[in-house]
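Student: Have a look at the structure that comes next, please.
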Amino acid sequence: MEEFAWFAGIATCVKLLLIPSYRSTDFEVHRNWLAITSSLPLSNWYSDETSPWTLDYPPLFAYFEKFLSIFAHIVDPKIVDLQKGLNYESDSVIYFQRISVIVSDLCLFYGVYRLSKSLDIKKRRMLWIMILWSPSLLIVDHIHFQYNGFLLGILLISLSFLEEGKDLIGGFFFAVLLCIKHLFAVAAPLYFVYLFRHYCKGGFVKSIGRFIMMGIAVGMVFAISFGPFLYTGQIQQVLQRMFPFGRGLCHAYWAPNFWVFYIILDKGLAFLLAKMGFNIQTPAASFTGGLVGDSSPFAVLPRVTPLATMLLVVLALSPCLLKAWRDPQPRMITRWVAYAYTCGFLFGWHVHEKASLHFMIPLAIVAIQSVEDAKHYFLLSIVSCYSLFPLLFEAKEYPIKVLLLLLHSLLLLSVFTSKFGKRSSEAVGESLQRGKSDGKTSKGQKAAHEVDNGAGFVVGWVGMIYLLGLLVIEVWGQFLQPYLLGTERLPFLPLMLMSMYCGIGMVYSWIWQLKWIIKC
Amino acid sequence: MEKKKSKSKLDSTGNECWLLNGGRTLTFSCITVFAILVRVMVSLNSYSGAGDAPKYGDYEAQRHWMEITLNTPAKQWYQNSTVNDLTYWGLDYPPLTAYQSYAHALILHYFHPESVALITSRGHESPKGKLLMRWTVLSSDVLIFFVAAIYFVIVYYANRGKNKQQDMAWHLALILLSPCLILIDHGHFQYNCISLGLTVGAVAAIFSKNELVACTLFSLALNHKQMSAYFAPAFFSHLFGKCLQHRNPLLRVLQLGLVVLGTFILIWWPYLYSVDAVKEVLSRLAPFERGIYEDYVANFWCTTSVLIKWKRLFTTPSLRLFSLTATLLGVLPSMIQQIKAPSDQGFLYALLNSSLSFYLFSFQVHEKSILLPLLPATFLALEEPLLFRWLTYFALLSMFPLLCRDHLILPYVALFILFVLIYYIPGSRPTMNRGNSPTGLKKLVMILLLLCSLFLHIVYVTLRPPPKYPFLFEAVIMLVSCSQFVIVAVYSNIKQWMLDSSTWMNKEKKVQ
């Protein structure tokens, strides 16, 4: 406990130090929600359009904002003023909102604490380093500004109950999570199958009884959150806000997922066919522009609809669902949930790069189980954190994000080698160091050789080359391209390269996880 | 935590030394990267004198020196002229600072020429300029202070027994994450990391028996900031004491003297063409025309001025004499000890004693000068954890009003907590000297003092002083800090002498 507080304390110090850093429009979004929930009656929450940043999270989150707004009002009434508070940027609002994120991270702390209390000390420390000191969470929550730590904390609490076999409470917390942020619904089918098969078992009567119990628990959560809106006749409006399918397939910066390759293929085919003499019409809408209208952005390949992406997600999920149906095991649930979010990330509609947090945090729990998992996590966490880099584009945060990622990889290397690497840890350190300085593969081969020898933690030469590729892309995007091509030509190229390159890592991770799930 | 990792490595693998080596590199790089990260985050904050026309603060001073050194020949750097108005942040540090400003000015000129343009850039403030200036501090810190600190830790622990990996990591983290230094350099804006880094290098060189290197590095430190002279008595007496033990004392003294002289000549070369030029520079370095103290610095003169109005009772020249005498008297005991029996451990105490004596008694001391005594206290963190912790707390307190003015309360709080957390690392605590852990009444007094200082922080931020005494809180903070500094100084002087007698006793035992 003392040690846990120490880890959490260090993380909190870093968070405090990040208060003056850059904040995205999400900061104003959340401020506006404070104002909406504070100054308007409940029936107007989802119809207010004073600011373009309308409320589009489910009702429980709105209640959470309402709760925060009470304190905001005490701190500085201007924060919660619908009109005067627009784009308010005084110290009071910055400190209030930043500290509200830091305090709401207590939820994450509790989740991690619950998960780690039965583990041995070494695994516990690994978990704390991976989650409490996660660079991605720091970047997204404490620089960019969001409440993911709070949300993921609830997910972790839910998972910790499921792992203990307390399905009812686990299911309840997942329902709470869904009513706070509906993007977490990707794992809902899995939760349903798992709870249905694991919780509602036994005799016919018992299983029916349990099913009803679960139904009541979950139903209550939904009733409390959506009930008031149903009562005021706002439910239509709420749902419309929550599912804005008017947005495009991809976000302005493409999240590194499957659709990146789809788009690239389309562009490539269009280019080839045009070369071969076919009459290809250039699509009216572009992908880099953010919001996309009705016209198809694809030149050759069929248009992707939200329904198609949903079907694809379910299809990708199906092996996992099948497993959960056949043999629902508490020790597998975290892995399955992480996989579900990976599928959602890869094939979902309008996915944000931030959504990679949804599977990175649960995967941390999986990573401590075996050396194979650790290797996978090491690669994936670096890739996913790197894919968040475009969120922070100002020069003053550049060293922060790079150092955060560097520190994270060093810490991971350190804990993984101390946990798993008994014989070959030196080779890793060496190959990493040498690899970073000269990039020769001979050291990588040495590391690969070590893999054959023992089950130590080694990144391996493929992984090493892949990670070095990240470095190359970063150097190209930040320094070489502006220098060689100037800032005018191909401005989208660095981001496109990043999406593609990180996409490869993500697809690899997806296949790896799928393989593992089918295997055991 | 880094320590715990190395500990867990120890646990899992017994003691295969190659693994420890591999682990040490990794552990050290983790600490280093974290220390850099903390500095970058602190540098997001405001600097001294931001937006405060027409004089601004230390940030503008440093920027102005860059402007002057870049645009005028070296001979004119310390001369009043139409382009170099010495009343507006005239250069008042030795030539090495000027060269450093010139080097940094070249970088700024390449990326952002407006920020160092002659005359027109006065009071220049821009996000890009700030970022570049911050990065010059950061790079100097990493290149000089970090390297020196790692060198020091490796040398200092070279001949220690078991558990040293943990202690090393802990000690390195404390040196690199010293809250005062980070706040002053990366918040307030100065380049103390360079002169202090050079001093750390010199100390490490003495520990590794490279006395010539030590002399060079310390001369460089002296030539970067004249405040490094706070350490000079300790260096002098230690090296002199060692020379006396040498086979050929005279030759050794000559050798060291020549190295020092050579370094000085090299640095002062542009001004050695005439005596007047040297005098001109020297007069810039010693601002004797200013009073014996300024603001509310927690030293002897300023604190006692509550009772004795020094400035009114005596003329400045006589005060100069007073302070010189007092400083020398304060330094003397530790110097004698080091000349008599120079030892590595005693040297660290001597550094602390001489710098504290200077801080308390010398002329024109600034709040920021507490960084100098703090450095040797950090070296002693393992032997004197309590002293180190105590001095850090009250050094922070004594700088609080200054940092408040710079709007650095947030990083102050965060770094303070970070310091406490790292100091009290859970689980495998480093093998600290537990002999002097306080008990009973002493502990109670200490807790009361800490609560009092915490209370002072809050009062200072929240309450307004009564209009009759506008600087009441500053004065109280000064009183509290100064009393603690005096106690620390007395204690460490006694310790240094006890060290001597204990080594004597050991020798006697051996003889018997």
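Using the three backbone atoms N, Cα and C, a Cβ is placed for every residue, glycine included.
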Student: What range among A:3-20, A:399-416 does TrEMBL describe as transmembrane segment?
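Tutor: Checking TrEMBL against the ranges A:3-20, A:399-416, the transmembrane segment one is A:399-416.
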Student: Which residues, given as numbers and ranges, are at least 6 beyond the ends of the transmembrane segment (A:252-274) yet have a Cβ under 8 Å from it?
Tutor: 280, 282, 287-290, 297-301, 304, 345-348, 351-353, 355-356, 383, 387, 390, 495-496, 498-503, 505-507
Student: Give the one range among A:146-162, A:169-196, A:455-479, A:491-511 whose Cβ atoms make the most pairs under 8 Å with those of the transmembrane segment (A:332-349).
Tutor: A:169-196
Student: How about the transmembrane segment (A:455-479) with the transmembrane segment (A:491-511) - do they touch, taking at least 3 C-beta pairs under 8 Å (6 or more apart in sequence) as contact?
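Tutor: Output yes: the transmembrane segment (A:455-479) sits against the transmembrane segment (A:491-511).
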Student: Among A:169-196, A:208-231, A:304-325, A:491-511, which stretch has the highest count of C-beta pairs below 8 Å with the transmembrane segment (A:146-162)?
Tutor: A:169-196
Student: Excluding the flanking five residues on each side, which residues at least 6 beyond the ends of the transmembrane segment (A:304-325) place their CB within less than 8 Å of a CB in that stretch?
Tutor: 186, 189-190, 193-194, 197, 245, 249, 259, 262, 298, 332, 336, 339-340, 343-344, 346-349, 510, 514, 517-518
